[in-house]
Amino acid sequence: MTKLSVNINKIATLRNARGGDVPNVLEAAKNIESFGAEGITVHPRPDERHIRYADARELKPVLNTEFNIEGKPIQQFIDLVLEVKPAQVTLVPDAENAITSDSGWDTVKHRDYLKEVIAEFKANGIRTSIFVDPVKKMIEGAAETGSDRIELYTESFAVDFEKGNSNAVKPYAECAKIAHELGLGINAGHDLSLKNINYFKENVPYLDEVSIGHALISEALYLGLEKTIQQYLKLLK
């Protein structure tokens, strides 16, 4: 079964909007785990506009499921990950002023850099994943870095699927097969939702994990957090 890791950045965004500690990120994460999620994801950025570096440090000891920290591997981020030692680190090529992640790595151009960073994480017992577009060349490049997994960037699928284009899943299915043949595990994330997750999961083989945040938290405003997570788990079976 494909695992569900819930990205809690939006909970931190809500907290930060008023200052203080409501909603409490740690309590939210523990509730999400109790509702059945198999992992917690955070994506700290240098400006700490949602998840703070301190949140990542405080979350690790209270979590009972896999902890995944995403981010651009600047030195501050690398130091955080090596200190916290999550189950998984996902490397994302965040642009300076981007509101959210908007592209995968060029794993050919940045191969040597990624290889060096990944080796350090793996030496510390941390599973590694690289955020990539569904492009064969980028999947092959990811394998050459020594990464354990890839995370397929799914925005283009979500946008096209919303427009009625069910063929939007084909590049992802093809890249998942290539990744599997190269010995890579397969994660996916970005704009996956209750509307499209089942179709994506049913058509993309070897899918180990999905990381979902914005859509899940938005849907929870209407359905409640527990019910929303339960619906995702049902669709991912």
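Just so you know, the numbers here start at 1 and follow the chain as drawn.
Including glycine, each Cβ sits where the backbone N, Cα and C put it.
Record features, source Swiss-Prot:
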ACT_SITE  HIS43  active site, proton acceptor
ACT_SITE  GLU70  active site, proton acceptor
ACT_SITE  HIS190  active site, proton donor
BINDING   ASN7, ARG18, ASP191, GLY213, HIS214  3-amino-2-oxopropyl phosphate binding site
BINDING   ARG45, HIS50, THR100  1-deoxy-D-xylulose 5-phosphate binding site
SITE      GLU151  site 'Transition state stabilizer'
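In the shown protein chains, 21 other C-beta atoms lie within 10 A of the C-beta of ARG45 (1-deoxy-D-xylulose 5-phosphate binding site). Spanning the residues ASN7, ARG18, ASP191, GLY213, HIS214 that the record associates with binding 3-amino-2-oxopropyl phosphate, the maximal Cα-Cα distance equals 26 Å.
Here the Cα atom of HIS214 (3-amino-2-oxopropyl phosphate binding site) is found 15 Å from that of GLU70 (active site, proton acceptor). Checking each of the recorded positions (ARG18, GLU70, HIS190) against ARG45 (1-deoxy-D-xylulose 5-phosphate binding site), the C-alpha distance stays within 10 Å for GLU70.
DSSP gives ASP191 (3-amino-2-oxopropyl phosphate binding site) a coil state; it is part of no helix or strand. For the recorded positions HIS43, HIS50, GLU151, a Cα-Cα cutoff of 10 angstroms around ASN7 (3-amino-2-oxopropyl phosphate binding site) retains HIS43. For GLU151 (site 'Transition state stabilizer'), the nearest neighbour among the recorded positions ARG18, HIS50, GLU70, ASP191, judged by Cα separation, is GLU70.
DSSP classifies ARG18 (3-amino-2-oxopropyl phosphate binding site) as helix under the three-state reduction.
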